[in-house]
Amino acid sequence: MSGSVAGPDCCGGLGNTDFSKADLCVMTGLLAYVDPSHPSFVAAILAIAFNPLFWNVVARWEHNTRRLSKAFGSPYLACYSLGVAILLLNVLRSHCFTQAMLSQPKMESLDNPMAYCLGLVLLGVGVVFVLSSFFALGFTGTFLGDYFGILKDARVTTFPFNVLDNPMYWGSTANYLGWAIMNASPTGLLLTAVVAFIYVVAILYEEPFTAEIYRQKASRLHRRS
């Protein structure tokens with residue numbers, strides 16, 4: 001789940017978000033509904049933070065050592081295995097997110113049909129961006145294939161990458177935001193903000209490294225020509 005300058009711009013996004021302009025009054029209002037010490041809330045925070053850490057650490061370890069490729073006998077099998085692990089972790093993250101919402105109070109002002117429809121629209125938009133990103137990049141392009149030496153020939157520019165940068169992360173964030181609004185959950189809204197923040201950190205960590213992978217590829221091709 002990485003982006004690149006020379007290759008596909010996979011799952012980054014939100015990098016231009018200016019958190020200094022966030023409305024702190026809104027955040028204070030949300031915190032009045034949230035018990036951050038509740039076990040389900042803590043579990044959700046840990047799941048949200050762990051997933052990008054896991055795939056970045058494992059992918060960089062693979063890039064530096066090729067241990068997974070050697071163990072599986074193929075970089076493709078190794079990448080598929082990591083992808084399945086990431087998918088399972090994302091299912092766990094979504095479960096923890098939902099349990100944290102259900103364990104804490106709803107916000108009355110959000111508990112109405114109009115807000116529910118807005119959340120449903122956001123959820124639908126998020127699903128479109130996530131799925132279309134996956135189909136545009138393919139399995140290995142989505143799940144860090146470039147760290148396994150499985151590189152794209154050119155940057156992906158078809159939908160949804162021609163609409164916005166890093167649609168996988170944007171779409172995932174929209175999914176959580178829509179789900180939180182549909183459940184009228186201040187806890188869900190707060191956790192969505194955490195998801196967005198973690199993605200921003202992941203992008204800052206991923207993009208320079210992935211760009212360097214493609215820079216090295218271009219340098220090798222140049223020397224051979």
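In case you wondered, yes, glycine gets a Cβ from its N, Cα and C as well.
In TrEMBL, annotation is done automatically, which means it is predicted and not curated.
Topology check against TrEMBL: D35 and F159 fall in the same compartment relative to the membrane. Mean predicted confidence for the topological domain 'Lumenal' (1-38): the pLDDT average there is 58.
Helix, strand and coil counts from DSSP across the topological domain 'Cytoplasmic' (93-119) read 20 helix, 0 strand, 7 coil. Broken down with DSSP, the topological domain 'Lumenal' (60-71) shows 11 helix, 0 strand, 1 coil. Taken residue by residue, the topological domain 'Lumenal' (141-183) breaks down under DSSP into 22 helix, 0 strand, 21 coil.
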